[in-house]
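This report concerns only the one structure given below.
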Amino acid sequence: MPSRKADLIVGIQWGDEGKGKIVDRLAKEYDMVCRSQGGHNAGHTIWVDGVRYALHLIPSGILNPKAVNVIGNGVVLSPESIIKEMLQFENLEGRLFISDKAHLNLSYHSLIDQAREKLKGDKAIGTTGKGIGPAYSDKINRVGMRVGELLNPEKLCERIVEHFEQNRDIFAILNINMPNKNELLEELKGYSEKLSPFITDTTQLIWRALDKENKRVLLEGAQGTMLDIDHGTYPYVTSSSTISAGACTGLGINAKDIGKVIGIVKAYCTRVGNGPFPSEDLGKDGKLLGERGHEFGTTTGRARRCGWFDAVACRYASRLNGCDELALMKLDVLDGFDEVKVCVAYELNGAQIDYLPANLDDVKPIYKSFKGWDKTEGARRFEDLPKEAQDYIKIIEEITKTKVGIISTSPEREDTIIL
């Protein structure tokens, strides 16, 4: 029997595209949902029957009672954060598994993150302050602590104290105090007690699901392509690989294991934090998009910067990820605009370009305007959309060279058009 392929959901803007709703909507078709990278800086908001769920580490498939949910080795895991998140749900044993190879994001990582951002002043990247960068830095520097070490909290405590002693001068500069050893040990024992039942070799779990059990597996990325450490708007990026290729390293699978790739995009664009954003609208339309779309970060609560759909960035991200189709989210937020705009090219040094240069700071958007429409909210069939909205979708398909296969017309799970 040939191995089954794993399908992949990937954000192809600056994160916050609505991946959570799509994973939740599709999860009933899958036996396993896997998260491959990032940490509790990422946030999914899912509405089911009027109830809001905020997820940061747990895969969105958790709302499907029959799905197994996996947090892979590429994730940096905050024990405190995931334990709080788990309180939203019951009977998680056997439904949630955490890689023993995932790295720990501990409280001092957040302190380092916040201290460094403060030192940068007006040159700060605008991180969430959740310690993601420092946790990944420890991983790359080969001094990180892994989730599997929680199974022996006494030994882990010794390692953390040793780490502080070896980096005493650095911590002193950042005004971070060494933890009390006894208090630290009790804290780690608490984490160990609550998380030990969920810690396992998740790579073997996924291999078995694909190779032997013929399970349907869905892979879930965090953040978005434009925040990728290599291919995003560096240095205003996250610390992990957010593209489809990153799912392989973050879960321990190979490229041949990937089947269908679905790219998630909003019908407009948003960004949290600093960094270039070519199609940002600083006027009344941008403000209106933010108000209608309730554009506040799930993790930070910060207002998101808003602008028009950037087809240049979308085409780039779709090609980079190998997207088979797009899921177009929040189409209803554009309801009522007299006209809507699409960024179809950039101007750089007086010349028109249709690609992303390494630095987006100096590009200016070139727009095409299209007639707006009255209402798409709640539509569940393509035929129910106004002609202008249908034309808008076709324009996006044409410019991005990727078909739109899913359309979301409200936050509710069922207000989704599958083409």
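Cβ atoms here come from the backbone N, Cα and C positions, even for glycine.
As given in Swiss-Prot:
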{"type": "BINDING", "residues": "15-21, 43-45, R304, 330-332, 408-410", "note": "GTP binding site"}
{"type": "ACT_SITE", "residues": "D16", "note": "active site, proton acceptor"}
{"type": "BINDING", "residues": "D16, G43", "note": "Mg(2+) binding site"}
{"type": "BINDING", "residues": "D16, E17, G18, K19, N41, A42, G43, H44, T128, R142, Q223, T238, R302", "note": "IMP binding site"}
{"type": "ACT_SITE", "residues": "H44", "note": "active site, proton donor"}
{"type": "BINDING", "residues": "T298, T299, T300, G301, R302, A303, R304", "note": "substrate binding site"}
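Shown here: features listed in Swiss-Prot, placed on the structure.
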residue: G15; record: GTP binding site; Cβ contacts under 8 Å, 6 or more apart: A42, A222, Q223, G224, M226, L227, T242, V272
residue: K21; record: GTP binding site; Cβ contacts under 8 Å, 6 or more apart: I46, W47, M329, S408, P411, R413, T416
residue: G301; record: substrate binding site; Cβ contacts under 8 Å, 6 or more apart: none
residue: A303; record: substrate binding site; Cβ contacts under 8 Å, 6 or more apart: G290, E295, F296
residue: L331; record: GTP binding site; Cβ contacts under 8 Å, 6 or more apart: A267, T376, L385, A389, I393, I407, S408, T409
Nearest recorded site to G43 (Mg(2+) binding site) by CA-CA distance, among recorded positions D16, G18, T128, R302: D16
Pairwise CA distance, N41 (IMP binding site) versus the residue listed as 'active site, proton acceptor', rounded so that it is a whole Å: 11
Which recorded positions sit within 10 Å of the residue listed as 'active site, proton acceptor' - Cα, from H44, R302, R304: H44, R304
Using Cα positions only, nearest of the recorded positions to T128 (IMP binding site) (G18, H44, R304): R304
Nearest of the recorded positions (H44, R302, R304) to G18 (GTP binding site) - Cα to Cα: H44
Cβ-based isolation winner (fewest other Cβ atoms within 10 Å) among the binding-site residues N41, T409: T409
Long-range Cβ environment of R302 (IMP binding site), under 8 Å and at least 6 residues apart: V272, G273, F296
R304 (substrate binding site) versus the residue listed as 'active site, proton donor' - Cα distance in angstrom: 15
Rounded inter-Cα distance in Å - T45 (GTP binding site), R304 (substrate binding site): 15
